[in-house]
Amino acid sequence: MVDSQYYLPNDIGVSALDCGEAFRLLSPQEKMYAHYLSRAAWYGGLAVLLQTSPESANIFVLLQRIFRKQTPSQLAQVATAAGLSSEDYQAFLVYAAGLYANMGNYKSFGDTKFIPNLPKDKLEALVRASQAFQEQSAEMEALWDSCSCLLYSLEDRQKQLGLGDKGITTYFSGNCCLEDAELAQKFLDSKKLSAYNTRLFKRDDGGKACYEVRLASAVQKDCAVDGECESCCGSFSFEDKEFTVKRGDYAPLMEKVCHYLQQAQAYAANENQRKMLEEYRRSFTLGSVEAHKEGSRYWIKDKGPIVESYIGFIESYRDPFGSRGEFEGFVAVVNKAMSERFAKLVSSAEVLLPELPWPREFEKDTFLKPDFTSLDVLTFAGSGIPAGINIPNYDDIRQSEGFKNVSLGNVLAVAYATQKEKLTFLEEDDKDLFIKWKGPSFEVQVGLHELLGHGSGKLFVQDDKGKFNFDQSKVINPETGEPVSSWYRGSETWDSKFSTIASTYEECRAECVGLYLCLNKQVLSIFGHEGQDAEDVVYVNWLSMVRAGLLGLEFYTPESKSWRQAHMQARFVILRVLLEAGEGLVGLEEVTGKDGMPDARITLDRSKIHTVGKNAIHRFLCKLQVFKSTADVDGGRALYDGYSTVSDSGAYNFLRLRETVLLRKEVRKMFVQANTRVSGDSVELVEYEGTVAGLISSFTERFQDDAEQLEADLLELSKRDAPCWSGIRLKHM
C-alpha cells in the first residue's frame, strides 16, 4: 500500500471556474485581447513541465496523444476491455487531470510527488490498447518506456521537490547542491543578472567545475541581437570557476509566447498596454529580466484596465534556493462590485498603515497607492491558482514605483466552499459559524494580506554610490534600542539575502498584518461588516488561521526537517506564536474521534483576541519587520526557524499531531478553465463541466492547432536536458 499522500483520491473535488458572465460583458476588442493573451499564457505555462521534474513533459505528451485520439468517455470502453475496473479507470483520469492541473507530477501546493492510484500493469494495458498506440505503436512504445519508471517511482529523493539529495528539481542539474546555488547567486549578483528566468547546469571539465547559466529566451544565439547594445552572454571566470551564460531555454515555447503577445498588441486598449507587451516580447525573445521590469513599469501605470493580465517568470516558491521564478500567465476580467470595496481599502491605506506596530521610519516614505481589483479569472496558466496576488516581485520597483494587488473572486468563491462533515479539528459549535463566515472573513484577510501586508514596510538600502535611503545617524532599531547597524547593499535584494526563507517569512509577515488589522472597525465596515457580524468575521478569521496552522503540518517533511509550502509554514509559525501567548487564548488538544481514531481539537477564546492575541501579534510582527528592514538574516532566521521547528517534545507533540492531520486531510480542489476560440471576427468562450473528464478535455482542445509540432518540441527539450539529471533514470527517446 502506497501512503495516500502520494496519490490523488478518486473523489477529489473538481470545480469549473465560472467566468461566463464576466466574459460576455467584454467588447469585441477586449475579447480578442483576452484571447491572444490567454494563448500566450497557456503556451508559456508549458515551461512549468520542464521546471518541475525530468519526466513531466514526457508524461504530458503521452496523455495528450492518448486523449487527442479518444475522449475520456470513448476511452472508458477500451479500459473495460483491457481489464480495468471502473475504479482503476477513474484513478487514471484523476491522475491525468492532476498532471494537467499541476503542470507536472508534483503537487503545486506542497511539492510532493503524486503517482497513479492503479497498478502499473493496468495502466500499461490501457496505454497499449489505446487508439493512439494502435496507430503509432513504435513512437508510443518509446514514449511509455521513457517515463513509465519515473511515473511510479517513489524513491526517497523523488518523493518531493528539493535540492541535492533532499529532492528533485530541474532548476539545477542533478549534481548541484546548496553551495553551487550560493556560488551561482554571487556570480549573478556580480554581473547584475537576475536569477528569475535562469536555470543552472554544472558539469565537470577535467576536475574543474563549469557552470552554465541558461536564460529563457526565443533567441538561441548568444551574441548581441537587434535592440541590444551588448549581450550578457559569454564565458566568465569567477572565484576560480568557469561560468557560461547562454540563451535559448524553452526556446520554442518562448517563441509561441512572443507570437501571441504580438497578436494581442493589435487589440491593446491604450499606449501603456502596447508598450508593456512590447517589453514582455523583448524579455522573452532575448531572455532579459530588465525588459520584463520595464514591461512591469508600464503594467503598473495601466490603472484599472477591464482585462488584467501578467505573464513571466514570477514566483520563486518552488526553486529550492528561492530565487528562480516559475512561469505563469493570467488573464482576468474585473469584477466591479467587489473591486469597489478594495478601492475603499486602498484609499484608507494611509490611515491604516500607521496602525502597524513598527516605528514610522520603518515604513515606506510614501505609500504608493496601488490598483486593487477583484478579478474573475479567465486563464491562469502555471502550476496552480492562488486566491490573491501582489506583484511585481521586483523590490526596487515595489519600493519606489508601486505594485498592483488582485483578489481572484471566482477562485475564492469555489476554493473555500466546504461541507460541515469535512470540517476537521473544530468544536461542533464553531462549525456553523465557520461555514457562514469563512468566505467573507477570507476576503478581508486576502485584502489586508495583499495590500497592507505585502505592500507595507521599508527596506533600508545603501546603493552602489554609497547613498542611503534612511538617516543612519537617527534611525533606532526598536528591538535593541541602538542605531540601525545593517542594511541592503548595492544589488542585494530581499530574495537574494534571505534566500531559502524569504518566501515563507514574507507570507508570514503579510498574514500577521491581516490578523492585526482585521481587528480595526473601519476595515470591517469597508467590507460591509458591522456590530455582531463584524465580531464574528474577526473570530472566524483568527480561528481559521490557527486551524490552518495545524493543517500546515501536512506540508512538513520530518525526514529532511523541511517545509514544502511557504504559506502553510507561515500559518504554523503564527499558531506557535499564539499558543506561546498563553492565557488560554488558543487551546490545542489531542482527542479520540467518533471513529475511534486519533483526532485533535483546536479552540480560540474570542474574549481574548483583542487583548492577548493582539499583543502577541504586535510584538512578533514588529520583530519580523525590523529584521526584514535591516537585512538582518541571522536574527530573522533564528526567530523564524525557532517557531518553524516541529518536534515531539515540549507542551505539544507536533510530530504526532502531524500524523493525525495526515489521517484526516482534505485534498485541494482542481479547477477546470474555459478556452477561447476565434470564429470569424468574434471570440467564443468554450466552457467545460467541473469533472476530471472536463479538465482533461479542456487541455486536449487547448493545444489542438499545432499539437504534433508542440509535442515534438516538448520531447526535444526534455531529451536535450536528460543527461543533466544523472541518477534520475529518464530514458532517451
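Backbone N, Cα and C atoms are what each Cβ position is placed from, and that goes for glycine too.
Lifted from TrEMBL, the feature list:
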- Glu450: active site (ACT_SITE)
- His449, His454, Glu507: Zn(2+) binding site (BINDING)
Distance from Glu507 (Zn(2+) binding site) back to the residue listed as 'active site', taken between C-alpha atoms, in Å: 9
Other residues, Cβ within 8 Å of His449, His454, Glu507 Cβ centroid (Zn(2+) site): Gly388, Asn390, Glu450, Gly453, Glu506, Arg509, Ala510, Glu511, Val513, Gly514
Binding-site residues listed as His449, His454, least Cβ neighbours within 10 Å: His454
Residue among recorded positions Glu450, Glu507 with least C-beta crowding, 10 angstrom cut-off: Glu507
